[in-house]
Amino acid sequence: MSDVLELTRALISRPSVTPDDAGCQALLAARLQAAGFACEHLRLGEVDNLWATHGTCDGPTLVLLGHTDVVPPGPREAWHSDPFEPTLRDGLLYGRGAADMKGSVAAFIVAAERFVAEHPQHRGRLAVLLTSDEEGDAIDGVRRVADIFRERGERIDWCITGEPSSKARLGDLLRVGRRGSLSARLDVHGVQGHVAYPDKARNPIHLALAALDALASRRWDEGYEGFPPTSLQISNIHAGTGANNVIPGELEVLFNLRYNPHWNADRLVAECEGMLNAHGLSFDIRWHRSGEPFFTPEGPLRLAAREVLAAFAGADPEESTGGGTSDARFIAPLGAQCIEVGPVNASIHQVDEHVAVADLEALPDLYGALLERLLA
Ligand SMILES: [Zn+2]
């Protein structure tokens, strides 16, 4: 059995449902330490984080960024084999985390071990950063580690995240950015009353209609480089007392913005609140900022990744900024160029999550080729 397959199986059999690391990082730190890495364990709240480095700061720092936690498996009986018992069937390895992202993490370790054995005096610094809080609240994970790095003045030039980015075959997509995400809970205040006496009430539904239409139909921008236009989607509207002869006193609306680098959260908040005020609404609004967008323009990292992926997939990768958010959003603001490269994502977060053994066994070579290009 190959080294990467064996290590992935060892990780899957540790049931590290977020934010529990279940001993994954201790296993990986032991491997990295034996390879000559300096390991620092950052336990923040309930969350384990590992920062392992090899080399010196007088050249570029390249970080391999991953997470050891997984999403809950859901009902055991829906799986064809136990989610925490790695199982091989028809060339596929099954288990929670196989694709997202214990396979990539195992491949990082194998690639890093091989690289430093072959280039003990490589240029710059090779680092591995792992957290057990990517799938959960993502507060005490890379978000806080990035704050610590900022205080220390830690410099990061390049960051490769192992999130499962490929669509149909390994290396067919290179993620070069992600949109930002901003959510709101809006409460519009009115005055409750009898529908037959509207002059004695203030109907928050009627009051809000034009403002909501303005928010939903606004063309925020025309897109940005590889990004689609910014979009606001209303996900819930609720009002009413249950009786059809009562004008309700309150209207509650949930909405979310997915935005490109034309915007940041502060400016969007100001813009939305300005529009609500312009419609004369009386309201309260609570915002949740889950992450600013990031974008890695053309440069040495993107060029190296495009060429390496093309060699593996047999064609130039699609360069995309789609998808949800990832921990790269916390590393990018430190000034790092960030990309995401990982296995096929078709089964992530589903029952019977799996990764193709052939892809898994190619991953250390793929990451190794990137290390050769950037640090050898
Ligand atoms: Zn993930």
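Just so it is clear, glycine is given a Cβ too, placed from its N, Cα and C backbone atoms.
From a predicted model like this one, the values you see are computed outputs, not experimental measurements.
Annotated features in TrEMBL:
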- His67, Asp100, Glu163: Zn(2+) 1 binding site (BINDING)
- Asp69: active site (ACT_SITE)
- Asp100, Glu135, His349: Zn(2+) 2 binding site (BINDING)
- Glu134: active site, proton acceptor (ACT_SITE)
- 176-281: domain 'Peptidase M20 dimerisation' (DOMAIN)
His67 (Zn(2+) 1 binding site) - helix vs strand vs coil (DSSP): strand
Cβ neighbour count within 10 Å of His67 (Zn(2+) 1 binding site): 33
Recorded positions near ligand 1 among Asp69, Asp100, Glu163, His349 (Cβ under 6 Å): Asp100, Glu163
Spatial neighbours, same chain, of Asp69 (active site) - Cβ under 8 Å, 6+ residues apart: Ser16, Val17, Thr18, Pro19, Asp20, Asp21, Thr131, Ser132, Asp133, Glu134, Glu135, Gly136
Chain-internal residues near His349 (Zn(2+) 2 binding site), provided their CB is under 8 angstroms and they sit 6+ positions away: Val71, Asp100
Secondary structure composition of the domain 'Peptidase M20 dimerisation' (176-281) [DSSP: H/G/I, E/B, coil]: 31 helix, 39 strand, 36 coil
DSSP three-state assignment (helix, strand or coil) for Asp100 (Zn(2+) 1 binding site): helix
Which of Asp100, Glu134, Glu135, Glu163, all recorded positions, has a Cβ with the fewest other Cβ atoms inside 10 Å: Glu135
